Structures are given as structure tokens and as C-alpha cells.
Amino acid sequence: MDTIILLTLTGLGLAALYFLVASGLSLVFGLADVLNFAHGLFLGVGAYATWWAAGNLPGAGPDGLGFVVAVAFGVAAGTLMAVLVELVLIRPLYSRTIEQVLVTVGLSLAGVALLQATWGADARPFPRPEWTRQVTSILGAQVPNGGLLLIIAAVLVLAAILAFLQWTRYGLIIRAGVENREMVTALGIDVRKAFTLVFAIGGAAAALAGALGSVYFGTVSPQQGGSLLIFAFIVVVIGGMGSVVGSAYAAVAVGLLQQFVNYYGTSGLGDICVVALLAVVLLLRPQGIAGKVATA
Amino acid sequence: MTEVKSPELPAPPAAVPTESTPGRFNRLRPYLPLVVLAVAVILPYSTLHLPGIFEGTLNSPGTLQLLAVCLVFGGLAAGYDLLFGRTGMLSFGHALYFAAGVYGTDILITRAGLPLWQAAPLAIVGGATLAGLIGAVALRTIGIAFAMVTLAFAQVGAILVARDFGGLTGGEEGLPLDVAGLPAGLVGVANTVNLYWLALAYLVAVVFVVHRVAASPTGRVLAGVRDDERRIGVLGLDPYRFKLVAFTLSGGLAAAGGTVYCLIVGGASPHITSSELTLSLLVMVVLGGPGTRWGPVLGGILYMYLDHRLVSFGSSDAVSALPAFLSRPLSEPLFVLGTVFILAVYFFPGGLASLAPRLALLRNALRLGPRRPG
């Protein structure tokens, strides 16, 4: 029984990580039709900025309030990066979908190489508060605190994004834009501001995922974002592009499936099951659990 | 952002001087590929030393191996362009079929002990079959979703190779090729020249196949699918079948490239299954010029050459003398290539292949400049 609880909670931790990456991807794709390969880079920037801040920024540190400051710095860096990418690189190419994909591909290659050039290709130990290394006993299962932190963060982010979408004017514009962008533009609303906003939200969530994911794994490396990104893509497609709630459901399904099959089957089998799930969802319901039909 | 001007705009005056350019080169132009091919064939007999471009002389095994890898990737890029540039399909899983060729050949020779002449066709047919099966599922989606599905399937391939199910692939360490089953002419450093010719033959074969397909009625339908898929459907043709044919053919060509690559490198390593390889194929095609005859080939050769040479460029004295914030990024080949790629997407949308007409346009504009007001 404790094994099942442990697997469920670690699976949910993984799901939280996927959700943090996928929610931004899904919003960006749903609103702006940009398949953002550079999203993994935002994650890497967030992780490295947190790591750097914990060691160098005055007031920040690996513990207590200093750690909160370090994570806030990392999230700010990721958000800034995302906004800059949107303004400088993506904006001139709107409505040219393929070129946008190509630019983000180039950016992900160059950006990861730049991280690697600056801080080396090897994983570095991540400064993390003492309590995240310990475990909490929940119903007899010893659950690592880093995973619980991820789950709490993801739930808070989900609630914040939903509240933002539901109760603010910009949230309304974003929801309407995902539904029908041409109509929103025709009504005289500048959707491009919303694009920047969506990129900022996605960048912040991804940077948070980078920082807290590094706390969970204990290390930070340039390639971290890339390997998470593929599963985040799968979560986005299964959940339905443009739907944050769909991403949350899909992230939970993917995280739990991966964790349970990897434990009870051979290691690696869970990853394959996830892709099989993707194939089944696409064949039966190409638009995903919730969301508009995924087309170019 | 400066808007790149469309080349059609100054068309009427620009058309005049092309007639006055000397016709000798234009008459030779169709034979240019044959001349290049002849030079490439006799290149291993040259003992020319090109300092800065290659480390050894042209016929040294190291240079020949680098050139062979470049040629294979030129062929791979041309095969990938059949999907991306000519049919308009954005596949992120092409590395899978290449890896199927590499690992298929390697496993059949090393683990099953088959001779090369049996292993190679089996691996290529296997790669094409795999492409056909996956294409049959993936092509039920279109556009970005198609890209995602191919990416996911390729990821399965990468996991299968890395986790080493059944002890076939050698996992993270890769699988060195057992040379006992190979013909003597393909083994050993002294015979690198034969591998070079093999790679050249592969490139020529891919270019030939892609051109024949593109010029055939099927190729015109593929171009139609790229430009407007619905219209092909309205004309009574089934786009799905044509796309599946292109996908399978392209997968088979990639598997053949994998077989050649396996022989050149002498084994298989798991990094060739990564999605990064597919992304670099995409970079090659876009840098070269998608949908053009020679663009992808040039892009592939140039990309691989730079990828190898930029490492030694990065560790050269000229770069290490620079301050750290410049020299460190410059020593990462992918940083340089990624940046060049982004710039190319903005400023040279047609890639290398569009440079010649653009330069001609510029030349004409300069020549006409004094006569025209502004």
C-alpha cells in the first residue's frame, strides 16, 4: 500500500513538472500558433539563474528566505528571456508558422550551447534548502519533500492561471483569442499584446519548473530542458492545445502512467507507454482531451 | 527589423542585362554538377594540403573520413528535403529511420553474423517498412500535430536504443561494428578511400532518386500537396497515399544513409537517435534552400563540415586570444550554427540556393544604379 501511495505522489510530482512546462506551451500554441522549441531553454535559464543567484546575488542563498529570493530571481530571468524572445524573434514572423518553428529550433540549439559554453556540459550540484532533501511520512509512505514542493507549486500555478484567465480583462482576451483570433482582431483588440503576455506567463512557469525541478533532482545541467520538453509536448497534444485544464489532466495521466509502469515493468517501458497513449489519443480524438483541433 | 524586399519588385529593368552577360558560362552550366562529381571522384588521388581547411592532406584518412561523413549527410538532407521542401511535411522523427539503418546494419552484422550484402538490404528494407508503418499512423494528423507524433515515435526509438532491451544495442556505450563480416576492401584505415567513394555513390543515388521523383507525375502531385492539400483532394487524388509514399521513400533513403554511415564510423552510438539529429537535418535543409535541387545537398555537406571543423576552430589560438565572453560561445559549434540558422531564416529565406539569384540581382542593381534616379 505505501508503495502505491509513494508511486502516486512521486508520479504527481513528475506530473507537476510536466504541467509547469506544458501549461505555457499550450497557451502559446493555442493563442499564437507557435510551437515553441525554445521553451526548454526558458526552463534552463530559470534553473541556471536560480543557481547563480543562490551563490552570488546579495540577499539570496540556498536556504530560507534567501532561497525564495533566488527562485524569484530565476523566474524573473526566465520571464524576461521569454518576453525578449517574443518581441525580438517571434513577433516579426507572425502568421508564418514554419519560420517560427525554425527560429525556435535554432534558438534552442544556440541557447543550450551557450549555457553549456558558460557553465560547462556536466551537471552541477544545485543549492537547495535542507528540508527539501528530507522525506515526509504520508500514510506510511516516505515521500521526498522536493516532489511535494513541486505538486504544491503546480497547484498554485494552475489556480493562478485559471483565475487570471477567468476574472481579468486580459484573461478574457486570451480565452477569446484561443477560440477565434481573427474575430478578436476584427473587434479592434490588439491580440499581439496578449501574445507577449502569454509568452511571459509560459516563461515564468517554465523557469519555476526549472528551479524547482533542479531542487527535486539535486542537479542542474544544460540538457535538462530538452528531455523534459518532449514529454511536455506529448502532454500538450494529449491535453488539447490551448487548454490549461486539459494540460493538467494530461500531465497527471502521463506522470502516473510513466511512474507506475516504470516501477512495475522494465525501466523505460513507462516512457514507451506514454507515447502509445499519445498515439491512441491522436487516433481516437485528434483534438486532445479538451481543446481545438490541432492543425497547422 | 528590416523587411526583406521581394525579388520581383524591380523586375523589368533587371531583366535586361542578363542577356548581355557572357553566355559561355551559361552554356556550361548544365554540366557543372558532372564536373563537380568528376572532381569529387578523383579527389582522393590529390596530395594537396589545404592548411586551415583540412588538417591533413586531401588523401589522408582523416580528411577522407570527414568528407565521407559530409557526403552522407548531404544525401540525408536531400532525402529529408523530399519530405520538408517538396511535400511540405514537417517531420521531427527522421533520425529514427537513419538510426534504423545504422543499428539495423550493425546488429545484423555484429550480433546475427550476417554478411554485409545480406545485412545492408535487410536494414534498408526494414527502415523503409518502419517508415511506412509509422507514417500510416502519423499521417492521420497534419501540420504541427504530425510533427509532434513523429517526434514522439522517434523518442521511442531513442529510449529503446538507450535502455538496451534484449542486450542488442549496447545501450549508452553504443555497438562497435564487428569487422570480421565485412569485405576486406571496407576494413582498415588504408581503405578509407573506398568508404569515401561509397558515400559519394550514396549521395549521387539519393540526388538521382529525389530528382527523378520530383520530375515525375508523382512529384508534381507532391508539390501540389505542399502548396494546397485540399485542392489535390478536390482533383480526385488521395493526398494521404502520396504523402505516405514520400514518407516511406524518404525513410528508406535515410536507412540506406544509415548503413553507409555505420560502415564509415565503424559502429553505432546512441546520440544518432536523438531528436537533435532531426533538428540538424532541418537546419541543413533550411540553410541550403528547401525544395531546390542542390540546396539541401550543399547545406548538409557544409553543416557537417562546420560542425566538425568549428571544434578545432574554437580551440585555435585566434579564438582563445579573444576575451572569455566571446571565445567560450565560439568554441561551441552548435551556438555558431544555431545563430547562423536563425539569421538565415530572417535574411535568406531561400537558403544558400537563393544566394546566386540574389547576388545577380544586386549586381544588376549596382550596374543600373547610375542611370536610374534613386
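Even glycines carry a Cβ here, placed using N, Cα and C.
What TrEMBL says about a protein is an automatic prediction, not a curated fact.
Copied from TrEMBL, the annotated features are:
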type	residues	note
REGION	B:1-21	region 'Disordered'
TRANSMEM	B:31-50	transmembrane segment
TRANSMEM	B:62-83	transmembrane segment
TRANSMEM	B:95-114	transmembrane segment
TRANSMEM	B:120-139	transmembrane segment
TRANSMEM	B:182-210	transmembrane segment
TRANSMEM	B:244-269	transmembrane segment
TRANSMEM	B:281-306	transmembrane segment
TRANSMEM	B:334-356	transmembrane segment
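When the stretches B:62-83, B:95-114, B:182-210, B:281-306, B:334-356 are ranked by Cβ pairs under 8 Å to the transmembrane segment (B:244-269), first place goes to B:95-114. Looking at B:31-50, B:62-83, B:120-139, B:182-210, B:334-356, the range that has the most CB pairs within less than 8 A of the transmembrane segment (B:281-306) turns out to be B:62-83. Same-chain neighbours of the transmembrane segment (B:334-356): 1, 4, 280, 283, 285-290, 292-295, 298-299, 302-303, 306-307, 310, counting only residues six or more beyond its ends whose CB sits under 8 Å from a CB of the stretch. A Cβ distance under 8 Å defines the sequence-distant neighbours of the transmembrane segment (B:62-83), meaning residues of its chain 6+ beyond its ends; these are 40, 43-44, 54-56, 89, 91, 94, 98, 192-193, 195-196, 198-200, 202-203, 205-207, 210, 213-214, 222, 246-247, 249-250, 253-254, 257, 260-261, 264-265, 281-282, 284-285, 288, 290-291, 295-301, 303-305, 308.
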